[in-house]
Each structure stands twice: as C-alpha cells, then as structure tokens.
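**Student:** Take this structure first; my questions come after.
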Amino acid sequence: MKLCVALDLASAKENLDLLELLRDYGIWVKVGLRSFIRDGQAFLHAIKAINPAFKIFLDLKLYDIPNTMGDSIDEIAKLDVDMVTLHASSGRGGMREVMERLKVIENPPLVMAVSALTSFDEESFFEIYHRDIPSQVLEFAKIASSVGVNGIVCSCLESLQIKQTFSRDFLTLTPAIRPFGEGSGDQKRIANLQDAKEAMSDFIVVGRPIYKAANPQEVVKKILETMELSC
Ligand code: C5P
C-alpha cells in the first residue's frame, strides 16, 4: 500500500513548503485541479526539484467525448507523470480511446477510473445514478478493466469487493482516508488505515489530515510507520 499526499493548499509556495518537510519520505504526491489550474507544469518540475523520486499522481478526472479525452491524454503524456484519472462514467468509448492513445507512449502513466466519488453517500449517489454504490462501482470496474484501465478510484467500502472480483493487478486507489479519526469534512465514505489494509487498497490518498495538521511531518511518519506495521 502506498501513500499519496494531496497537495490541495492555497498556493504553490505552501504546497512546496509542505513537500520540503516530506522530502525524505517515499510518498506519491497528488496534484489536483486547484494546483494544476493555478500553477501548471512548472509546479510538476518544482516537485521533482525537491526530490526526483517523488511519484506524481495528476488527478484531473477527465470526463468528455472520446476524441477530447484522447487529445487530453496525448498532452498529459508529455508531462511525465506517473498516474492520472478519468471518470468511469465517461463510458467505454472515452476510456478505450485514452488507453489506445497511451499504447504508443513509452512508460505511460497508470490510468485510474473514478467510480463513485467518496463525497457521495447512498442517497446523493442514487439521485444521479439510480443505483446503489457497491453495484454501480462494480459495473464501472467491469467496463474499465475490459478496456485496459489500470484500476479504480473508490472508497475502502468498495475496494475489497473489487480486489476479490478482478485480478489482483487491477488496482484500487482510495481517498477519504482519515488515518487517526480526524474530521471527515465533505467526505462521506471514510476509512482509517486498518480499513484500507483490510480492503486491500493499493494507494491511499490523504489530504487535509496531513496538510492541516500542526505537524504534517509527524503525521506522515506515523502513517508510514502504521502502514509498515500492519500492512
Ligand atoms: O482532504 P482529503 O483527504 O479529503 O482529500 C482527498 C483528496 O482526494 C482530494 O484532493 C480529492 O479531490 C481527492 N479525491 C477524492 N475522492 C475521489 C477522487 C479524488 O476525495 N473519488
């Protein structure tokens, strides 16, 4: 299980100051819409300048018609990032187009399909999808895996079922982790480190419990130690 730290702070400087504190840890860093819209490609270079070993997860959650998704992944592939996201609800055509375009790329990023956002509870999910979360996530995973997507973004509540249904190589990435019982904020389907381990999550994403902590370095150290002990 790997730890992705979400760089969701209000400025590039604050995110990079945080990373300076974490420079010696073997972590993935998640660059989301806020950072990428504001700070662009220069921000990715600044991350690597702190530690070239940081793996970059660019979480732009593509959702569009297949041709536009394909054109977008062509551009993303030039950024030399390690993992990207698209929405499974963009459908088979969009996901297939992305995976086709990446076939000609050397060292392509892992592609993860977002299933049910972890901020959905059953009621708010049903309003949009008219189905319960576990069965729709499984359906998303079936379509995504059939076109070669590398894994699914879901909560720990769905991860185990996916790992048991598909090959172990089909990855799960679980946000909404509250490692030591921190507040949930806008997240609804939260989990702690033990839950993530039991759910066989491959990647956990942690944002606010780290970057809002008085001592983020201490929190990351404790998460990694706990993961090592129990995972
Ligand atoms: O602060 P917190 O730990 O809740 O941050 C979770 C991060 O994971 C955020 O950057 C959010 O955009 C992202 N994410 C998520 N749920 C998904 C996909 C991504 O929370 N399904």
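All residue numbers here begin at 1 and follow the chain in the order shown.
Yeah, the Cβs are placed from backbone N, Cα and C, and that goes for glycine too.
Reproduced below are the annotations present in TrEMBL:
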ACT_SITE  Asp59  active site, for OMPdecase activity
ACT_SITE  Lys61  active site, proton donor
ACT_SITE  Lys61  active site, for OMPdecase activity
ACT_SITE  Asp64  active site, for OMPdecase activity
BINDING   Asp8, Lys30, 59-68, Thr118, Arg178, Gln187, 207-208  substrate binding site
DOMAIN    2-223  domain 'Orotidine 5'-phosphate decarboxylase'
**Student:** Which chain-mates of Tyr63 (substrate binding site) that are at least 6 residues away have a CB under 8 A from its CB, listed by sequence?
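**Tutor:** Looking at Cβ-Cβ distances below 8 Å from Tyr63 (substrate binding site), excluding near sequence neighbours, one finds Met69, Leu86, His87, Ser89, Ser90, Gly94.
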**Student:** Tell me which of the recorded positions Asp8, Asp59, Asp64 sits in the most Cβ-dense spot, judged by other Cβ atoms within 10 Å.
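**Tutor:** Counting every other Cβ within 10 Å of each candidate, the maximum falls on Asp59.
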**Student:** With the Cβ under 6 Å from ligand 1 as the test, give me the qualifying entries from the binding-site residues Asp8, Leu60, Pro66, Thr118, Gly207.
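**Tutor:** Checked binding-site residues vs ligand 1; flagged Asp8, Thr118, Gly207.
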**Student:** Give me the long-range Cβ neighbours of Leu60 (substrate binding site): same chain, 6+ apart, Cβ under 8 Å, in sequence order.
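**Tutor:** Residues satisfying the criterion: Gly32, Leu33, Phe36, Ser72, Ile76, Val84, Thr85.
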**Student:** Give me the long-range Cβ neighbours of Pro66 (substrate binding site): same chain, 6+ apart, Cβ under 8 Å, in sequence order.
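**Tutor:** Listed in sequence order, they are Gly93, Gly94, Arg96, Glu97.
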**Student:** Other than its own, how many Cβ atoms are within 10 Å of the Cβ belonging to Gly207 (substrate binding site)?
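**Tutor:** A count of 20.
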